[in-house]
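Summarising the annotation, Swiss-Prot assigns transmembrane segment to 76-99, 162-185, 201-225, 310-328, 369-392, 408-434, 456-478, 559-577, 617-638, 682-704, 742-762. The [4Fe-4S] cluster binding site annotation in Swiss-Prot covers CYS601, CYS610. The feature divinylchlorophyll a' binding site is assigned by Swiss-Prot to HIS693. Sequence annotations record features per position, and here Swiss-Prot assigns divinyl chlorophyll a binding site to MET701, TYR709. Sequence annotations record features per position, and here Swiss-Prot assigns phylloquinone binding site to TRP710.
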Amino acid sequence: MTISPPEKEQKKEPVLDKPIETDAIPVDFSKLDKPGFWSKSLAKGPKTTTWIWNLHADAHDFDTHVGDLQETSRKVFSAHFGHLAVIFIWMSAAFFHGARFSNYSGWLSDPTHVKPGAQVVWPIVGQEMLNADLGGNYHGIQITSGIFQMWRGWGITNETELMALAIGALLMAAIMLHGGIYHYHKAAPKLDWFRNLESMLNHHIAGLVGLGSIAWAGHCIHIGAPTAALMDAIDAGKPLIIDGIPIASIADMPLPHELCNPAIASQIFPGLAGRTVENFFTTNWWAFSDFLTFKGGLNPVTGSLWMTDISHHHLAFGVLAVLGGHLYRTMFGIGHSLKEILDNHAGDPILFPAPNGHKGIYEFLANSWHAQLGLNLAMIGSLSIIISHHMYAMPPYPYLSIDYPTVLGLFTHHMWIGGLFIVGAAAHAGIAMIRDYDPAVHIDNVLDRILKARDALISHLNWACMFLGFHSFGLYIHNDVMRALGRPADMFSDTGIQLQPVFAQWIQNIHNSAAGSTTLAGANVSLQPGLVSEVFNGSVSQVGGKIGIAPIPLGTADFMIHHIHAFTIHVTLLILLKGVLFARSSRLIPDKANLGFRFPCDGPGRGGTCQVSSWDHVFLGLFWMYNGLSVVIFHFSWKMQSDVWGLTGGNFAQSSITINGWLRDFLWAQSSQVLTSYGQPISMYGLMFLGAHFVWAFSLMFLFSGRGYWQELFESIIWAHNKLNLAPTIQPRALSITQGRAVGAAHFLLGGIATTWAFFHARLIGLG
């Protein structure tokens, strides 16, 4: 289809005059009886089986529906409320399971021996065997989501509070659903309201993030930290005394509203003695130093960050966000204008010689929600990957670090989410280039210059990928050959030819060299090793006889696998970036923009033109993202088991330096738990391991065969049906080339992820 550049916008009325339109679109339930009502062709109903696939492909592609950018913006905004409603329902279900079916109280009373469980299998056909003995007279399925540890950090001490949260979350879901209906049908914002970016930043940064963080700091200060102090004292065997009564068990704990009483709170933290407002406004802030701390390191009782440090963090971050949210010019005529910043930002004339700098970028971002989404997905995806590292290096929740399946699960989860978001960023960047990019607006600005330099960028990136791939894989092949020939001295290893990661070791040692003391905001702060994280040459954090986190030594094996990471990341980037930079045109297909975001081929000429669409680059990028992150999570799993948790006898340094070592000592040796799981409570992971392998193998049927093969087969099957007068009214059609690839990629990823899920869980739950 032909995509026209967006029309130049007309001079708009001041945004604050009337930002919403009342009763814009009346509620029409009759549409629910018409699948595909947004499209003239789909609304006619199915003539072939292709209809159902097009229905799924286009249901959320609001750009292609009847309507303009304002209508699209309203639909997206309304969908946000629907999304929040689904999240609240999901949270309510978690709270309800915790309240009704879990051993939360039992786990709270003995978190180092009792394992978390929140689901009990009913004995219908004998599957009650799945209910493992988790300790504390509870039999159920062990959970690895980390919610018990998180609830303990929040200050939840009984199931009644969880039930209240479950009901509250359902009420919030109802409010969110109503919000989605209200802001689409009753009070729909105008396009100018959506384009008022400075006000949006003010609302999001100062309001949602800043005030939200300060509000959460308030909860941490008044509920979370006092509860943590009392619970930690119980777990340490040194109960605190409130009003002359020792708080020796959960049953003795004050109720949350009682902790807000200064008379009780001050017995835990004297700074909460009731003069907090006076101390705040007289700047006597040192009075708060008992519940707003800067201790660093981990709480030795729980193996997690100090709750008082977390309170301090959220307060400080919230204040910064409130200030940052007011940097932009809204109704008062002061502050920054994003358009002025971008239009005036030219950059260094030698390094960045684009004559028009960032002119036109503001208009692109203010009119293309795909461009906005691309940027936001790239940033939040990267943030998710950063979070995956923080969760083990600086465990935020009590007793999280000694729950190994949960630590591995959280790392893996945040890695997958980050990877999917980053690929999604490339997808929406490609859509933005095709649907929203107007070449006339971008003449010799940074975006235009990057597009003009795309051949240099892609060819150099291709060289980097080849260099990294051949060299890093070559190190492994060399080691396999040397080990096969019995020549260990000629291997790249810590005991042979060393390839030490000197830069990474230097970063780890920075924290040691900074040890001593310094003055921070007038207070003397000790900078001991492990102040930031124990992984940086700190000390071993042990809780209940289990290692939570410890210094992580880096050597030749890490140097080698990190260069495999570099290789897979660069190849993923190469594919995704090529899909964006060549989304509109290429030497092979100069008019690519006219073909749209997804198309299978551009005809049989030129020696073949398939898999060149921006969508196909996302398709290929997903496989490399999966490939790269599989290596990352395998590396993390083995490294932690070997060098931190002490489960595999420290074999990572010598075994992971060969391909054979990865196959034999990681995949094969560690799959013994899942392969021998039958007859045990973890047997569902054995079934899942098999089933997910099947789903993965099923994907190959879609990926390895072309559409024509299946259409030929269908013709024969339809002929047979016609002979028997059983011809269907809706004509069967083979999946289109693009649809087949989408189904194949989905099953490949889901099968692979679920296989890994079963492998990891069975391994660490099976080891106990």
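Glycine is treated like the rest: Cβ placed from N, Cα and C.
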Tertiary contacts of the transmembrane segment (369-392), as residues 6+ beyond its ends and Cβ separation under 8 Å: 69, 72-73, 76, 400-401, 407, 410-415, 417-422, 424-429, 431-432, 435-436, 549, 640
Distance, TYR709 (divinyl chlorophyll a binding site) to CYS610 ([4Fe-4S] cluster binding site) (CA atoms, angstrom): 17
Close approaches to the transmembrane segment (162-185) from elsewhere in its chain (Cβ under 8 angstroms; 6 or more beyond its ends): 23-27, 74-75, 77-82, 84-86, 88-89, 91-93, 95-96, 98-100, 104, 151, 156
Binding-site residues listed as TYR709, TRP710, least Cβ neighbours within 10 Å: TYR709
Cβ contacts the transmembrane segment (617-638)/the transmembrane segment (559-577), at least three under 8 Å, sequence gap 6 or more: yes
Three-state secondary structure, which DSSP defines for the residue listed as 'phylloquinone binding site': helix
Positions on the same chain near the transmembrane segment (559-577), where near means CB under 8 A and six or more residues out: 422-423, 425-426, 457-458, 461-462, 464-465, 468-469, 471-473, 475-476, 492, 499-501, 504, 617-618, 620-621, 624-625, 627-628, 631-632, 635, 656-657
Around the Cβ of HIS693 (divinylchlorophyll a' binding site), the count of other Cβ atoms that are within 10 Å: 15
Long-range neighbours of the transmembrane segment (76-99), counting only residues six or more past its ends (CB under 8 A): 60, 62, 118-119, 145, 147-148, 151, 159-160, 162-163, 165-167, 169-170, 172-174, 176-177, 179-181, 183-184, 189, 194, 369
Secondary structure of MET701 (divinyl chlorophyll a binding site) (DSSP, helix/strand/coil): helix
Secondary structure at CYS601 ([4Fe-4S] cluster binding site), reduced by DSSP to three states: coil
Spatial neighbour of MET701 (divinyl chlorophyll a binding site) that is closest, considering only the binding-site residues CYS601, HIS693, TRP710 and their CA atoms: TRP710
Protein Cβ atoms within 10 Å of CYS601 ([4Fe-4S] cluster binding site), excluding its own: 16
Cβ atoms near MET701 (divinyl chlorophyll a binding site) (within 10 Å, other residues, all chains): 13
Number of Cβ atoms other than its own within 10 Å, given for CYS610 ([4Fe-4S] cluster binding site): 14
Rounded inter-Cα distance in Å - HIS693 (divinylchlorophyll a' binding site), TYR709 (divinyl chlorophyll a binding site): 25
